[in-house]
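Per TrEMBL, these features apply:
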- LYS38: N6-(pyridoxal phosphate)lysine (MOD_RES)
- LYS38: active site, proton acceptor (ACT_SITE)
- ARG142, MET322: substrate binding site (BINDING)
- 253-381: domain 'Alanine racemase C-terminal' (DOMAIN)
- TYR274: active site, proton acceptor (ACT_SITE)
Amino acid sequence: MDKFQRIWAEVDLDAIRHNAENMMANLTQGTKMMAVIKADGYGHGAVPVAQELEPLEKIAGFAVATAEEGFELRDAGIQKPILVLGYTFPYSYERMIREEIRFTLFRCDTLKELSEMSMALEDKGIYKNAIVHIKADTGMSRIGIRPDGEGLSFVKEALKTEGILVEGIFTHMARADEADKSAAKKQIAIFEDFLRRTEAETGRRIPVRHCANSAGILELPEAFFDMVRAGIALYGLWPSGEMRRDGLELTPALSLYSTIVYVKEIGPGTEVSYGGTFTAGKRMRIATVPVGYADGYPRGLSGKGYVLVCGKRAPILGRVCMDQFMIDVTDIPKAFEGEKVTLIGRDTGEQITMELLGDLSGRFHYEFACDIGKRVPRIYIKEGKASVCQ
């Protein structure tokens with residue numbers, strides 16, 4: 001463990017599997033789950049997470065944000081379907097078609113270009129369609145065709161275009177994590193109506209219809225369709241504080257640790273950190289933790305957050321620096337150089353969650369997870385043992 005003593009994250013793969021299995025047990029018969037592992041698995045590590053989940057029968061595949069994220073999974077040997085949720089730039093077309101990575105389709109020019117690329121590959125003796133999932137915008141106002149007559153014409157065109165295999169059609173809910181589900185239910189109704197009209201006018205049922213995100217999986221069974229997309233909940237984090245949390249159990253998968261590197265005493269009137277935002281009012285014992293905002297630990301925790309040392313809370317003093325911050329260990333006599341510091345996770349009876357740190361720092365907890373950077377080694381825990389280190 002010596003080389004991980006500055007800072008390290010422990011990712012519990014058993015917890016991720018547990019969360020996936022709990023959600024899958026809640027699905028209707030015939031509904032499968034796509035694991036969303038974009039942004040390096042929300043900071044948890046896309047490849048180890050995919051390797052853990054791929055053997056599960058109900059895992060239909062994986063969703064990523066970019067072609068490069070999809071290529072990383074294929075390079076690591078992941079065989080199940082991969083869907084790029086965002087716009088794909090033309091330089092990625094050929095490799096995506098060759099490796100059967102799915103495209104999100106919502107532009108006419110993309111449809112034409114993918115068809116042309118598929119035909120060009122056929123001329124080289126490579127007989128593969130561009131596999132697409134059509135995106136419908138039912139209320140997010142982001143990417144996606146409108147669920148109207150024009151959108152219906154787009155679907156018809158895609159279904160008959162040479163070199164294109166329309167495998168799926170999907171939408172994304174903007175407000176499913178709110179206590180009031182009326183906006184989410186309106187989006188579901190719009191999507192259902194568009195699917196009905198599409199099937200009636202084309203005589204075809206697109207095989208994979210999907211709508212539910214993590215919030216939808218947890219609280220909106222009417223959004224299940226053929227497949228659901230599990231993102232933040234896979235990692236044991238709730239989509240928002242407005243959700244009930246009284247049903248399905250989620251286990252946080254990531255803990256974050258460091259080590260005290262220096263302890264000293266300061267007298268009354270001594271300023272701590274940049275800007276002198278904290279001044280000691282008494283004699284104090286303070287410790288330096290070699291972690292900062294360059295590691296993804298938010299500067300917004302300056303003077304607000306706390307860490308756990310020897311099972312006790314140690315408040316952050318002054319501003320969090322790029323690579324270090326200081327804590328108050330006056331009332332923790334066992335705190336010395338080399339003592340473990342819990343930034344996220346449990347220590348004895350205390351716990352610090354990502355949601356708590358998000359609230360204290362004024363940041364979204366999704367953002368916190370994704371910002372834990374490459375300077376932070378990940379240790380992967382499986383069956384109680386460190387099985388993979390990155």
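For all residues, glycine too, the Cβ spot is worked out from N, Cα and C.
For LYS38 (N6-(pyridoxal phosphate)lysine), applying a Cβ distance below 8 Å and a minimum sequence separation of six or more within one chain yields ALA46, ALA63, VAL64, ALA65, THR66, GLU69, LEU85, GLY231.
In terms of DSSP helix, strand and coil, the domain 'Alanine racemase C-terminal' (253-381) has 24 helix, 50 strand, 55 coil. The number of other CB atoms found within 10 A of the CB of TYR274 (active site, proton acceptor), across every protein chain shown, is 13. Around the Cβ of MET322 (substrate binding site), a 10 Å sphere holds 12 further Cβ atoms from the protein chains shown. Neighbour list (ARG142 (substrate binding site), Cβ cut-off 8 Å, at least 6 residues apart, same chain): HIS172. Note: the CA-CA distance between TYR274 (active site, proton acceptor) and MET322 (substrate binding site) rounds to 11 Å. In the three-state DSSP classification, the residue listed as 'N6-(pyridoxal phosphate)lysine' falls within a helix.
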